[in-house]
Structures are given as structure tokens and as C-alpha cells.
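Down below is the structure, laid out as C-alpha cells.
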């Protein structure tokens, strides 16, 4: 296609720290230490050391692997749910996606349980410091989130070497502020573990207890486990087209050209966001066809579509609730206006990650902008409203020159010829970067839509903003290439933004 491409830099060097003297690459908030043994082939990890729970398929009643313990309490909502207390043990009878049928070992009652509220007994998943299925970058985001401080830590599975683990620790550096340091946990042939070869441990739990007593060569002593918010329970089994009366609208969060957004509750129990569409915005049939595609797109950086109400107007779209609202509103708020550039870059990287997933799925957003990105309590960004623009039937929108069409965010080929592709989304992402770095200002300030269309046809591009680094502006200009095929991929954009602050000069961390 002629697009700029780049492979993600997922190598062992970026994943951990060895306790020997070795060169370090500094970032603004993170320190990565090269692993001098990364070019050596590691011995296969024995099955007994694989991440517990990964092969949880067999349902032999005699197997200990069927026993799970509750990480959080759960009050059942439906008659066939099984309520339980934190610490209660249950035997899994059947797995049904995100809901499992189980039997309490204490009460002997049976029912359905949310699978993300439990963990297999005698595994790392029962430990509050173990974060399953988390990337290195998201581990850094979690540790830097409000509520954590220096000494906060977590254990995660290595992204690059299945069955291996890494320790991530929040530290404070006078020159760089809060930083995250990653330590690779190595395995012994006999099943033990170590970070420094000076001292080994029979299990990871013993290792954690040791480093909670003294730093012993780590950047600092381990203190509290990284805060882990209680997960939202999985959506109800087979609840897609739901009754309107099952939704209670509680608080109006905002209003747009095509409807309103509310905080509400489903069945008086699950907090959700509800988008109510103005009558005539789109046909129920066209929306349902698109929604059936949208609900298959599931990623940490995409807002989860739960259910719909389409039997009569207004159409309701039920999604996961994001506490901080839209990125646009957040950037304009008192809290958002105090966010520093490194976090703004991180917002951009998170959005690029979500769009890279959409890119891999051969899908198109069509309306990517700060108003359609939502922010969580822990400042995680998720992309919303992907695909909806395709089924809007409003004449002022479909005309493309109409007042409701987002001209300033749209690529020239999409404005002029209706040619929407993932590359037109890349153009929009460049405009979104402008919104982020200006804390929510409208692009092309002082220009009308007509002025913008004329200027773009003559090669005009927005100039660099005063507080925008040259390197970030270079990324914007790449997104605004006239030829769609010359624009970068979202995979490339994610890799560049993830490593935006990576220094090129190596430093050294001394062996303890």
C-alpha cells in the first residue's frame, strides 16, 4: 500500500531488569534495563510453572483445578445466580463464556458466577499483587494512577515469554519524578525463582515477602500492591435486545447533535452509559446490522457495547460507564487542564492502541475525535461510537457539507468523495492530537468549514502549536499527508507514541 509501517518493539530488553550491571534506557517516567541474557535461548518452563488457570478446561470433579476462590463478594441478581462472599470457595461445573456455573463448597448451592470475580485456588491469581493479562505499558499506567505511591508494585506475566513473569515497581527519581522499573523474574530448573542470582526462592510469594522486608538490591523496598479496582461484572448472559423498562436513566451527562448521554442502571444493579438517539437519526434495522459488528470488537481501549433497545424510538445504546466522561470535556475541566504533556502523549498512545486493533479487524471508525473518546477514573482512554457514523440518516450529516458533519476532523478524500478508510481515520487522529495538545480547542481556530475545505485543497495544514514538541507535530503532519497511502498505520503510530520519551543514550544501573 505504500504506507509507513513499523513493527512493535516487543523484545525481552523492554520487559525486565536483571540485577547485574547493564545499560539503561531512560524515558520520562520509566526506566528500562537491558537484559544481557536475552540473546540466550531459555529452557522451556515446566508445565507446573505455567501461569495457573491458562489450561482450565477439564471438568473432572476430582481435579483440584476446578476449585475457585472469590476475590470479591457478589450479590446475585437473577434467580439462577450464585451469591458468594469474598474468600468463599466454589467448584466450577461448567464454563459459559464470562459466566460459569458453580457450586459453593460451604452452602452447597449452585448457580452462575461472574468468572472475573474468582480465581483458581493455589495460584498466583489469588494474590492481590498479581495482575493477569496486563501489558508492560498498562502496568506502568496502573502504577502511575492516582492512589498509588512509590513502592507500589505488581507481578505480571511476560508479554514475550509465556510462563515467565516480571516485577514492576513504582519508584521516585529526583531528576525524572515518578518512574516505573521492571525486573525480570528468572526460573530455576528445579522450579525456583530469582531476580538476583545471589538469592533464590521456592515460589514467587516468598520472593515478594523477602523484598517487602528489604530492598536487597531493588530500587526500593516493595510496599503496597498496586491498586486494583473491583471489576465490573460481565454483562448478562444473552442480554442483547433488552426491554426499555430494564434501563433507569439517572443523570444526564451530555447532549449532542443526535441525542443525549445518560448515566443509568440496568436492572437497578449495573451502572451503564446510555446513549439515546433522536427519532429519525437512523433506522433500527441499519443500526442493528452495524451494532452486531460493533459488539464483536472487544479490546481494553474500546468502550464495550453491552446491549440495545430498538423496538421503538428513541433507540438506546447501552455501553460500559466511564467515570470522567468524554476526553474533550475532561481536557477542558480543572483536572484535565492540569495534566502535563507526558500524560497527554500517553492518552494519544492509548487511542492509537485502540485504533490499531480496529485496523487489524479491517474496521473503520469514521468519526474519530476527542468527543468520541471516553476517560475512566484511572485516566484510561477508550474509543467510543466506532462505526455509528455510517448509519446516520440525517440530511445535514449525510450531505457531508452539512452543518452537522465534522468537516474539521475529516480527511479531504472523505469530504469530497465519501471515501472513508482506515487512512481517513489516521487523518482524524492527527486532528485529535491537536485537540489533546491544546486541551480541547477547536481545530482550525477562526476558520469556517468552507474556509477549511478551500485551504486544505490548496495544501494548507495547521501550524505547530506553541506547547507542541516538534516530534509530535511531525507525527501530525504524517497523518495529514495528501495521499492516503502515505499516511502511517495505527500500529506504527502506537509504537512511536508508546516510546515517545525513550532516550537514545544508555545509562547504567549498578549491580547490588
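The backbone N, Cα and C atoms fix where each Cβ goes, and this holds for glycine too.
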Open item on the list: Tell me which residue from 32, 508 Swiss-Prot records as phosphotyrosine.
Closed with: 508
TODO: Could you check Swiss-Prot and say which of 172, 194, 316, 363 is marked as phosphotyrosine?
DONE: 316
Task: Annotation match for phosphotyrosine in Swiss-Prot, from 266, 397 - done: 397
TODO: Name the residue range among 1-50, 51-100 that Swiss-Prot annotates as region 'Disordered'.
DONE: 1-50
Open item on the list: I'm trying to understand the geometry here, so how far is the Cα atom of residue 316 (phosphotyrosine) from the Cα atom of residue 367 (active site, proton acceptor), in Å to the nearest whole number?
Closed with: 19
- [ ] Spatially speaking, which of the modified residues 228, 306, 460 is closest to residue 255 (ATP binding site)? Use C-alpha to C-alpha, please.
- [x] 306
Task: CB contacts for residue 261 (ATP binding site) [other CB atoms within 10 A, all chains] - done: 21
Open item on the list: Using Cβ atoms only, which residues of the same chain lie under 8 Å from residue 193 (phosphotyrosine) while being at least 6 residues apart in sequence?
Closed with: 165, 185, 186, 187, 200, 201, 202, 203, 204, 207
Open item on the list: If I take the alpha carbons of residue 259 (ATP binding site) and residue 306 (phosphotyrosine), what is the distance between them in whole Å?
Closed with: 18
- [ ] Report the same-chain neighbours of residue 228 (phosphoserine): residues 6+ apart in sequence with Cβ closer than 8 Å to its Cβ, ordered by sequence.
- [x] 128, 131, 142
Open item on the list: Please report the Cα separation of residue 261 (ATP binding site) and residue 473 (phosphotyrosine) in Å, rounded to an integer.
Closed with: 33
Task: Site with most surrounding Cβ atoms, counting all protein chains shown within 10 Å, from the binding-site residues 253, 255 - done: 253
